[in-house]
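Read the structure below first, then the notes.
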Amino acid sequence: MDIVLPTAVLLLLILSALAPFIQQAQSQRAGWLMAILPAGLFLTLLGRLPAILAGQVFAYQLPWAERLGVTFSLYLDGLGLLFSLLILGIGALVLIYGGGYLHGHHQLGRFYAFILFFMAAMFGVVISDNALTLFVFWELTSISSFLLIGFDHEKEASRYAALQALLVTGGGGLAMLAGLVLLGQIGGSYEISQLNQLGDVLRNSPLFLPAFLLILAGALTKSAQYPFHFWLPGAMAAPTPVSAYLHSATMVKAGVYLLARLSPIFAGTAEWQMLVTGFGLATFLAGALLAIGQVDLKKLLAYTTVASLGTMVMLLGWGSDLAVKAAMLYLLAHALYKGALFLVAGAVDHETGSRDVSKLSGLRRS
């Protein structure tokens, strides 16, 4: 068994708990010091790239509630590695950036704690093999997102946006749980790696369609697909490092990850092609059209992110090998460039005190 995977999650959770104390003791270098762990984990997993490209997978299992079919099982393959590297690599950079962006903030230690808590939860999502374990980590990302969006809780807009995001993504998570339970009942296992090999058995069950629709609801809400897209622009009330990490590079990609992970079960069916492609197309059009009239720099980036997420979902719905590869390549590119754009937007806002694009002309001369 691969002990690195559970150890990584545990270390991130421990560092999250210690973050306020580290910030208090090393206020000038806290972000750099805490970035060492995710950066080290990034390099550790990157070292496994050759083995994974050769077809090897890394797994860990710990019996939990065996009578209920719940095992704490972790599984790292190519898809999980792609997301893990994004989560850890960009997370390390955001810790460093956040220390400078929020320098002097009286709750900077709390920011570090919440970011690391989210990092651990999101990492758990993409390496979970047991469906119920995945749900636990999934909901932890919603809770940590709520805490991060509402970081400036003195502001009513931040509290409202945080609650809105929690209700939408949390509600979708409960629907996803019901769908995963149905899949487990049909297939006789909650291990995703096993369920992915039972496509024909699952598709012939009368419970297949309800399970698909419930899981799809979870994916659509998490990845801000139309008509659930509205929570993402509202979440721009969060500090810019949060927007760059959660709402561009990682959390909003969780729904895309879920669809890609379960595609061996659902892809190729008429329902998959019609609904996933349809929602993706509608989201792309809505995001692109709504972005046109935005003057707030962060909301402009948020709506273009909605459009990009719609494109990824649409490609997964199309279902061909080329389309799926294009979706994953676009996901990687988007996480890198859009995360960087959010960080630039934060720097502009920090230095000028404005995100209104109509007032930001002439920056080069200033």
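Counting starts with 1 at the first residue shown.
For all residues, glycine too, the Cβ spot is worked out from N, Cα and C.
Sequence-distant contacts of the transmembrane segment (37-60), counting only residues of its own chain at least 6 positions beyond either end whose CB sits under 8 Å from a CB of the stretch, comprise 1-6, 8, 11-12, 15, 73-78, 81, 84-85, 88-89, 91-92, 95, 119, 129. Look at TrEMBL and you will find 37-60 (among others) tagged as transmembrane segment.
The domain 'NADH-Ubiquinone oxidoreductase (complex I) chain 5 N-terminal' (67-112) scores a mean pLDDT of 88 in the predicted structure. Annotated domain 'NADH-Ubiquinone oxidoreductase (complex I) chain 5 N-terminal' per TrEMBL: 67-112, in sequence order.
TrEMBL lists 72-97 (among others) with the feature transmembrane segment.
According to TrEMBL, the transmembrane segment annotation covers 109-127 (among others).
Residues annotated as domain 'NADH:quinone oxidoreductase/Mrp antiporter transmembrane' in TrEMBL: 128-364.
Summarising the annotation, TrEMBL assigns transmembrane segment to 134-151 (among others).
The transmembrane segment annotation in TrEMBL covers 163-186 (among others). Tertiary proximity for the transmembrane segment (163-186) is limited to same-chain residues at least six positions away from its ends with a CB under 8 Å from its CB atoms, namely 69, 131-132, 134-135, 138-139, 141-143, 145-146, 149-150, 195, 201-202, 205, 207-208, 210-222, 228, 230-231, 234-235, 258, 265.
What TrEMBL records for 207-224 (among others) is transmembrane segment. Away from its own ends, the transmembrane segment (207-224) comes close to residues 138, 168-169, 171-173, 175-180, 182-183, 185-186, 231-232, 251-256, 258-259, 262, 266, 269, 271-272, 275-276, 279, 283, 305-306, 309, 312-313 of its chain (Cβ-Cβ under 8 Å, at least six residues beyond either end).
Summarising the annotation, TrEMBL assigns transmembrane segment to 272-294 (among others).
Annotation source TrEMBL lists transmembrane segment at 300-320 (among others).
Long-range neighbours of the transmembrane segment (327-348) within the same chain, counting only residues 6 or more positions beyond its ends whose Cβ lies under 8 Å from a Cβ of the stretch, are 79, 82, 86, 90, 97, 101, 239-241, 243-245, 247-250, 253, 256, 260, 297-298, 301, 304-305, 308, 311-312, 315-316, 355, 360, 363. The transmembrane segment feature in TrEMBL is assigned to 327-348 (among others).
Sequence-distant contacts of the transmembrane segment (72-97) (same chain, at least 6 residues past either end, Cβ-Cβ under 8 Å): 2, 5-6, 9, 31-32, 34-35, 38-39, 41-42, 45-46, 48-49, 52-53, 57-64, 112, 115-116, 119, 122-123, 126-130, 133, 191-193, 241, 244-245, 249-250, 253, 257, 260-261, 328, 331-332, 335-336, 339, 343, 346. Taken through DSSP, the domain 'NADH-Ubiquinone oxidoreductase (complex I) chain 5 N-terminal' (67-112) splits into 31 helix, 7 strand, 8 coil.
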